[in-house]
Every structure is written in structure tokens, then in C-alpha cells.
Amino acid sequence: MSDETTTGAAPRLSVRLARRLGGLSDRAIAWLFVGPTVFLLLAINIFPLIWTIRLSLTNYRANRANADVKWVGLRNYERILTDPDIWNSMQATAHFLIWTLALQVLIGFGLAYLINKKFKGDNFWTTVIVLPMMLSPAVVGNFWTFLYQPQIGLFNYGVAFLTGADPSSFTMIGDVDLAPWAIVIVDTWMWTPFVMLICLAGLRSIPDSIYEAAECDRASKWRQFWTITVPMALPFLMLAVLFRGIENFKMFDLVVQLTGGGPGSVTELTSITLKREAFEKWRTGYASAYAVILFVVVFGLASIYVKALNKVKER
Amino acid sequence: MKSTHLALTATTAIAVAFAAPGAASAEDLTLCWASWDPANALVELSKDFEKQSGHSMNFEFVPWTNFTDRMLNELNSGGQLCDLMIGDSQWIGGAAENGHYIKLNDFFDANGIKMDDFIDATVTGYSEWPKNTPNYWALPAFGDVVGWTYRKDWFERPELQAEFKEKYDRDLAPPATFAELKDIAAFFQDREIDGTTVYGASIYTERGSEGITMGAMDVLYSFGFQYQNPDKPYDMEGYVNSPGAIAGLEYYKELYDCCTPPGSSNGYMSEGIDAFKSGQVAMQMNFAFTWPGFENDANVGGGKTGYFVNPAGPDGDQFAQLGGQGISVVAYSEKQDAALEYIKWFAQPEVQAQWWKMGGYSCLKAVTLAPDFPSSQPYAQTFLDSMAVVKDFWAEPSYAILLQDTQKRFHDYVVAGNGTAEEALNGLVRDWTETFEDDGKL
């Protein structure tokens, strides 16, 4: 009964819809389907961006609803670009980005290369290696804070065992010179497995026949590595760098938990500075200007990188 | 102006409605505060209010690390979660000017609640805006101040007393000056006691919220630091960066470098409690709210802990950093009548006496000036003496900017070792000047 009703109703509906749409142009039909998506895109992405740009030109503070909002022009931008603290924060972020990417690519690719050589228990070791990235960054930060404790921390004892130093004689997260490295170490520990997994996918996508052909041509292992393995895994490696670069540029929770941006401001990354300005100091206009500057920087760098990635893929 | 008039009218109407017997119906009230021991005591205390009033009480407690963010977000967004708010003392200026709290003057007058009945410093610190004017936005709820605890049992050891006397030519006793405090801290640093290495003192060094500011200011006041020229508001040059203030900040760094446990570069209240309870340090800087917890602790309770007021500076000046909070009625609450009823109940002397007994620091003079108060707890006299010498951080609407700038400058110098104390304080004058210029006050 119901089947009869539905099968009968559906063709009638589609015929009616087709007749009604028949009066519409192709362009109008296209807009009918694309319109809702465009509207959502404007509402969720474009409008906030325009609103942020507008706020960046004012002295608006979100916690002072009763205060007058004044148009300050480019003053916020000028203040940011001439503030040495902001440049220090950019420098800290660049240090963190460069070193974490370099270490994660090297170690991640190395691990993937080893795991790719089939051996007994390789699946087990893969699971063990990826465990850190399954943890919450806040938990990892807390966990490593204990490991770095000079009096009870295993990390300090490990270093002391290897170097003969007194474990209480150095403090990883309280020392200006060591703190940036402390966060690099933790991020590398946590996210190298991610790079390893992507590289492993790349390595496993290389057909064995290419290596067999190289063997026939008597190419050495070293030559096979540089002329087959690396070029064919490169797009995957670049993709991993893109993902990790974007993630680490906005790194927040791990660093806050580990050092709180200190000592002083030596590990205060741009995301932490932005949060402080926007939600601790409540300088909304100033923070908006900072966000716009960061957006331009990230957008510019990402565009260049993606262009390079596409070129590598085309090769 | 118009909104002030409206607020006054509304407050008066509320007060009149509240005064009428039987006018209020049973409500579900929510009180927002930080998540800590005193809050648990308040839950117990409030059961009495529930019985008497017929209202039920719900509590929204947030850990200290997120307290300011969470609650200021709530207020700034006009949220109706909280009917009553026990907010930090620094929030008063912003909360008053932005209309987050209702003004309580008419309500106090209508119900015979006199601010003279409360410890003067707590009225200024927790209730008034503008400061030193009779405009009240909160009832002093929880008196708190930074003071010190020490290991009385270690200090009393004959062998340590003898060694200390020989080295410093005076008795090993709670320090009266900061110079003495550093000597004692240095004496205990890296010392082995009962087979464990112990350290001199635990002090505030936290970077993220307000920790190092609360700690360093506790010292700077007694060395001569002043927020502004007493005769010319917001004139800070020569006051914030006076020679005394520079010496105070240098002292704080020296104390951090010489006499704190390794790795204490980001510690605040809970880290201090842990260091003291675990027997790591001989002395500990912390807010008075922590003291009741030590009395019942297995490691440091039972008479092993002593208390002393923040010591005096080189010229004999003695001040201490004010903590604590007042209780306010949130302007966005739809249950303001019932919330005011709670404040009226809470202000009663018998409730305040019970509050003190349960571990809450009452600000009511009838409680704190009672003859048996000093002997009621081992720390009661120290609390009284400390509250007599308090100073507080800026309570300006822009306090958060002023505070974050201070955090950065102090941590940069004390913990990271960048620059000099003079550079740090000169930088602070520049930061604060810029903020007050932005606010149109300079």
C-alpha cells in the first residue's frame, strides 16, 4: 500500500519539479544548488574576516561595552609592527617551526624507511610509535612538565646519566636557553609519528617493479634511494610538512601547559600572544589587527608552498 | 548618566520589594566562585540560608587557573548563569563601569548593613569603585592576604638553632625584615633534613595569570613602591620606578636565584602548597586561605607550622598584598531579589562567626575584633596583623592589561634574567602610561 503510494507520488513530484525548473535558466538552476553553500561560506568565513578587518581599525574592547568605540585607522598595525615583543614572539614561533619541522621530517622519514623494510613485529612497533600522537596535548604538556622536573624528572636523570651532570643543576622549562628546546623536544616526540605515517604511505605507494628495474640496471642501493625513493616520496613528505607547519604555527595548548610562554616571554608563540591580547587584556581591536597580519603571513606562505607542492607532484 | 539613574531606581525598587515581608518567592539561585576549600565551606554554610529562606542554592565553581577567563566571559557576555558572583577584587572597577554588578548602597541603607562594620581595607579593596568613595558594588565576603608559613618544627631544632646563631649571631626565628628572611632561606637552602634535601623558600613565579605580580608586589610595597603620586593620580614616574622599588625587585630576583627549589620557575598557589606540604621548603609565601589546610595536614599539621606577617623592608615599611573577594549581585540576573536576600543573610554577625569557624575568612569586625578571635586558630593573629597592612593592585577597568604587562616585565627580569630591575620598572611605567593614555586618563 505504502509502496504504491510512494512510487506513485515520486514520479508526480519529479514531473512537477521538472516543469517548474523548466522555466529557469541553467545559470539560475546552478545558483539554486550552489547558493546555500555560497551563503554559508560568506556567513562563516568571509563576513568574520571583513568584520575582523573593520575591528582592527578601531580601539574596540569586548569587555567594555559601554565605552566609546573610536576609529583609529592604521594605529593598531603601526603599534604591532613597531613592537619588539611582537617580533620576539614571531622569532620564537619561527624557531619552533623550523626546528620541529626539520626534526620531525628527518626522524619521521627515517622511521618510515625502517618500518617499510618488512621485519618481524613491524606492525607492533608501528603501533607503539604512534601512541604519543593519540594523547591530548594538554595531557602531554602536563606529563612532560613532570619529566622535566629537576628533582624528580626522568628526563633530567636521563641526561645526568649520559653526561654525568647533577640532575638538579639544570631546569629545562625554567631556563631561557633551554626552554625553547624543551618544547621542540616534546612536539617532536608527539608528532613525529604523524610524519612517519604519511611517509610510510608514500613509500608503500612506490611500485616494487621500479626497484626491480633499477636492480636490473645494477643501480646501487644509495642511488636507488636518491633517484627513486626520495623523489617519489617527496610529495607525501611535503604534504606532511604542510600539515605540521599549519598545526605548529597555531600551537597553543602544549606550550601553555609546559611553560606558560615563559621564562619571560621566550616561548611565547604568536598564538599565545594573540590569546593574551584578545582574551586576557581584552584589546579586541589590537588583537584583530594582529590576527589580520598573521592571516596575511600564513596565507602568503601557504600559497607559495602549495604552488611548489603542485610543481613537485606534476614532475 | 541615564543608565546610572535607571540602575539606582531599579536597585531601590528591588530593595523596597525585598524589605516587604513575604514578597519573594522560592528561587533557584546560582553563586559563582573559584573552586577551592573556602567554596566548599560556603556550600555547607549556605544550607542554613536554604532552610531559612526556602530558596535553593546552586554553585558554579571554576578552578583558579580558569576563574578569571571563565567568569569575565560570563559577565562580558551578559550571561545569566550567575545570580551572585564572588569576583576578584581587581574586577570591581570594570564590573561597576560596565554595569555587570548592581550598586548596593540603597540596599545596604534599607537593611542596616554598614560598611563601617567591616575591616576598612576589605571595604576599599572589595567593594568600592571609584576607590575611597562611598559607592559600594559588593559586600566583603572573604578576606585574604599574602603572608608566610614556616616549618616551626625545623626552626625549633636545637642543632639548627645553634648553627644559625653561630653564623648570623641571632636566634633562628620568624623573620621581621626581608633581609632576615633571605638569611634564613639561604641557611636552609640545599640542607639535608631527615635524609631529604630541602630548600629555603617557595615564592610566586607564575607567568600566565597573576602569580609573579602578586609575589613581587608583596615585596616591592615594603621597599617603597607606589602605584602613583598620592597627590597626582596616574603620575607614576619616580613612584613605580623609585630607587626603593628597584631595590625591591632586585631583592625578589636574588631570593628567587639563591633560595628557591630548582625548577620553581612557574609556581603559584597550588605549587606553593605542594612544596610546603611535601616538606620541600622551610618557608612559603602564600595567601592566607591556604593556612587552615596546613593545620589538618598529616605532614605539616599538629603544630609543625608557624605563620608570620610579610616582613618589613629596609626602611621599616611593612605592607602585604591583598587577596580576597567581595560578593556581588549580577546585573543580568532575573532573581536579584533572592540574591539580595542571600547577601542580607550572609552579612549577619552570627553567620559571619560561623563562616570563620568553617574556614572562611570573615571581614566583619564583630568577628575579627572579638576578644577570643586571636586564639581561635594558630594563624588568626597573623591574619589580623596582615590585614592591617594590605595594599592592592590596580582595580581600574583596564586592570587586565596593567596586570599582563606587569607579569611580563617581572617574569622577564626575575626568572628569565633579562635586563635590570630598573629597566623592568621603567618599561612598566611606559606600558602603564600607554594604557592610561588609551583610557583617556592621561
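Any Cβ shown, glycine's included, is placed from N, Cα and C.
What TrEMBL records for A:29-51 (among others) is transmembrane segment.
Feature annotation from TrEMBL assigns domain 'ABC transmembrane type-1' to A:90-305.
Sequence annotations record features per position, and here TrEMBL assigns transmembrane segment to A:96-115 (among others). Counting residues 6+ beyond its ends, the transmembrane segment (A:96-115) has Cβ neighbours under 8 Å at 122, 125-126, 129, 180-181, 183-184, 187-188, 191-200, 202-203, 229, 233, 237, 240-241, 244-245, 248-249, 251, 267, 269 in the same chain.
Taken from TrEMBL, the feature transmembrane segment applies to A:127-147 (among others). Long-range contacts of the transmembrane segment (A:127-147) within the same chain: residues 111, 115, 153-155, 173, 182, 186, 189-191, 193-194, 196-197, 253-258, each at least 6 residues beyond the stretch ends and with a Cβ under 8 Å from a Cβ of the stretch.
As annotated by TrEMBL, transmembrane segment applies to A:178-203 (among others).
Panel annotation: around the transmembrane segment (A:224-246), residues 97, 100-101, 104-105, 108-109, 113, 191, 194-195, 198-199, 201-203, 205-206, 210-211, 214, 298, 302, 305-306, 308-309, 312-313, 315 of the same chain, lying at least six beyond its termini, place a Cβ under 8 Å from a Cβ of the stretch. Sequence annotations record features per position, and here TrEMBL assigns transmembrane segment to A:224-246 (among others).
Marked as transmembrane segment by TrEMBL: A:287-306 (among others).
Distant neighbours of the transmembrane segment (A:287-306): 49, 52-53, 55-57, 60, 76-77, 79-81, 86, 238, 242, 245-246, 249, 270, 273-274, 277-278; these residues of the same chain sit at least 6 beyond its ends, with a Cβ under 8 Å from one of its Cβ atoms.
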